[in-house]
Amino acid sequence: MNLILLGAPGAGKGTQAEMLLERLHIPSISTGNMLREAMKNGTDLGKQVKSCMDSGALVPDQLVLGIVAERTQQPDCANGFILDGVPRTLAQAEALDKMGVRIDHVVSIELSDEEVESRMTGRRVCTGCGASYHIVANPTKVEGVCDLCGSPVTTRKDDAPETVRNRLAVYHASTEVLKDYYKSTGKLRVINGKQPIEDVFQDILRAIGVEK
Ligand code: AP5
Ligand code: MG
């Protein structure tokens with residue numbers, strides 16, 4: 001099963017991707033996590049995208065598409081994958097179609113801008129594997145340490161309030177249009193993101209036909 005997780009910054013894509021990968025046994029491909037990893041490692045790609053990412057702008061389509069093309073061809077993607085945060089522009093969606101990437105369901109996790117802004121202030125992310133936590137809604141079992149890989153958790157630089165506002169504006173201007181794009185193909189599944197994490201998860205499982 002090939003899934004796309006769509007939604008505003010902070011809507012819960014990363015959180016749900018982690019739960020879905022365990023349930024469905026398919027990898028999650030998070031372009032945001034991969035780009036942050038490239039920045040952390042100081043690679044050429046990381047240097048190229050740093051200013052875009054720090055300001056909350058989108059990185060150029062071609063860079064993102066290159067990463068996705070390479071990653072989806074890895075053997076662990078043979079039975080499916082979860083795209084978290086990609087595509088993010090009409091050009092990216094059309095390019096995936098041209099590349100022959102077959103998509104089964106596009107899950108749009110919906111949340112108001114006000115809710116996003118309040119969630120971001122409590123977010124913590126793992127410096128090792130990129131897993132997302134929240135100091136109230138989804139805390140780590142041991143304070144400051146990732147449940148999954150044991151690395152320290154920290155705040156994300158682009159979660160500063162003014163950068164979050166910029167990311168929301170970018171979402172409305174460039175990404176939201178993808179809902180219409182996938183609605184027209186009958187693949188869009190709209191999920192209410194303003195529910196407890198487990199309820200969002202159950203709604204997604206029902207929407208993609210994994211549970212009744
Ligand atoms: P990316 O890393 O993809 O960021 P994003 O889309 O802005 O989304 P986030 O990761 O911030 O939020 P999320 O939806 O994953 O929410 P989370 O589960 O963490 O991209 C970052 C940057 O990379 C972009 O700005 C751009 O520069 C670049 N980039 C990436 N992909 C690109 C692309 N395709 N094209 C161009 N540029 C690209 O949850 C948020 C918080 O809420 C957490 O604290 C979590 O614990 C909590 N939470 C989650 N669900 C719930 C719930 N149901 N109730 C209460 N709290 C919850
Ligand atoms: Mg994320």
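Glycine too: its Cβ is placed from the backbone N, Cα and C atoms.
Per TrEMBL, these features apply:
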- GLY10, ALA11, GLY12, LYS13, GLY14, THR15, ARG123, SER132, TYR133, GLN195: ATP binding site (BINDING)
- 30-59: region 'NMP' (REGION)
- THR31, ARG36, ALA57, LEU58, VAL59, GLN92, ARG156, ARG167: AMP binding site (BINDING)
- 122-159: region 'LID' (REGION)
- 123-158: domain 'Adenylate kinase active site lid' (DOMAIN)
- CYS126, CYS129, CYS146, CYS149: Zn(2+) binding site (BINDING)
May I ask which of the binding-site residues GLY10, GLY12, THR31, GLN92, CYS126, CYS129 have a CB within less than 6 Å of any atom of ligand 2, listed in sequence order? none
Across every protein chain in view, the count of C-beta atoms other than its own within 10 A of the C-beta of CYS129 (Zn(2+) binding site) is 15
Apart from its near flanks, which chain residues at least 6 from the ends of the domain 'Adenylate kinase active site lid' (123-158) lie with a Cβ under 8 angstroms of it? 10, 14-15, 18, 30, 32-33, 36-37, 40, 53-56, 164, 167, 196-197
Taking a cut-off of under 6 Å between Cβ and any atom of ligand 1, tell me which of the binding-site residues ARG36, CYS126, CYS129, CYS146, CYS149, ARG156 pass. none
For the region 'NMP' (30-59), report the average pLDDT of the model, please. 96
When distances run from the Cα of VAL59 (AMP binding site) to each of the binding-site residues GLY14, ARG123, CYS126, CYS129, the nearest one: GLY14
Below 8 Å Cβ to Cβ and six or more residues apart, same chain only. Which residues does that give for GLN92 (AMP binding site)? ASP61, VAL64, LEU65, VAL86
Could you tally the C-beta atoms, other than its own, that fall within 10 angstroms of the C-beta of ALA57 (AMP binding site)? 17
Spatial neighbours of CYS146 (Zn(2+) binding site) among the binding-site residues GLY12, TYR133, ARG167, defined as Cα within 10 A: which are they? TYR133
Report the nearest neighbour of ALA57 (AMP binding site) in space among the binding-site residues GLY10, GLY12, CYS126, TYR133, CYS149, comparing Cα positions. GLY10
In sequence order, which same-chain residues at least six apart have a C-beta under 8 angstroms from GLY10 (ATP binding site)? LEU111, VAL116, GLU117, ARG119, MET120, ARG123, VAL164
Would you list the other residues of this chain near Zn(2+) - those whose C-beta lies within 8 angstroms of the C-beta centroid of CYS126, CYS129, CYS146, CYS149 - in sequence order? THR127, GLY128, GLY130, ALA131, ASP147, LEU148, GLY150, SER151, VAL153
Of all C-alpha pairs drawn from the ATP-binding set GLY10, ALA11, GLY12, LYS13, GLY14, THR15, ARG123, SER132, TYR133, GLN195, the farthest apart lie at a distance in Å of 17
